[in-house]
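The transmembrane segment feature in TrEMBL is assigned to 88-106, 112-134, 184-201, 221-239, 245-264.
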Amino acid sequence: MDFLFSGILGLTEGLTEFIPVSSSGHLILIRKLFGIVAGPEDLAFDAVLQLAATFAVVLYFRKEISALIRTSVRWLVRAETDFSDRTLLKAIIIGTIPAVILGLLLEKYMETVFRSGAVVAWTLLIGALLMYIADRFGKQDKPLSTLRGGLIGFFQALALVPGISRSGATIAGGLLNGLSRVEATRFSFLLALPILLGSGVKKLFELGSAGFLTSFGSELFFGSLIAFVSGFFAIHFLIKYLSKHNLNLFIWYRVGLAILVFVCI
């Protein structure tokens, strides 16, 4: 792997991890276009790029995350906490559980069977349909609650299958549970943190144990830097865009990408 290709992967990961078009689907497609068959090291490389992009969420939502940390500490010592911060914290905790359980059960399938081109193409279409239904019929008139956070967590679990798009699924889940587009997007990013940080750190240790960091450490750092910077701008773009527009742009993009994947396979 050279710097150019790692940069392309980093840019792709950063832009598509948070925009609801499926980062895993894009990474799989790029490797197919370059004639590369993804091995275990490539999957771990992608997870570390995802970890780097996740730190863009930490930076962008640093105030909210600081408030959540303070709330956690005060909650543990049974001190008084802000209701909205406490609700957000509980929603994230409950919403993380479905993806953790399903991820442990389906891990070997996610890295083999589910990464085929045909699966990605179909899940891109399924995700587009889900986003259309949510955007068309979601009431967008309810606040976030612990229960709604848990229900949105099941949508995040669905996104373990490449092509669905974690952000697309959770934003759709938020809309179907009555959240506004901006609130659903904001919660989507914060809900992603435990899962993305956990899987990224796990894969980073796996790369280190396999000696991959010694061989491709510079390329990995470069790709991660690109993923972090592009991810930050992708977050800012999506929040601003959805404050004024619906999801149609991303829905039709997914349909076009699915057609391209079908052609490539």
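Placed from the backbone N, Cα and C atoms, the Cβ positions cover glycine too.
Since we're looking at a predicted model, the values are computed, not measured.
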Stretch in 88-106, 112-134, 184-201, 221-239 most in contact with the transmembrane segment (245-264), if contact is a CB pair under 8 A: 112-134
Tertiary contacts of the transmembrane segment (88-106) (same chain, 6+ residues out, Cβ under 8 Å): 64, 68, 71-72, 75, 114, 144-146, 148-150, 152-154, 156-157, 159-160, 187, 190-191, 193-195, 198-199
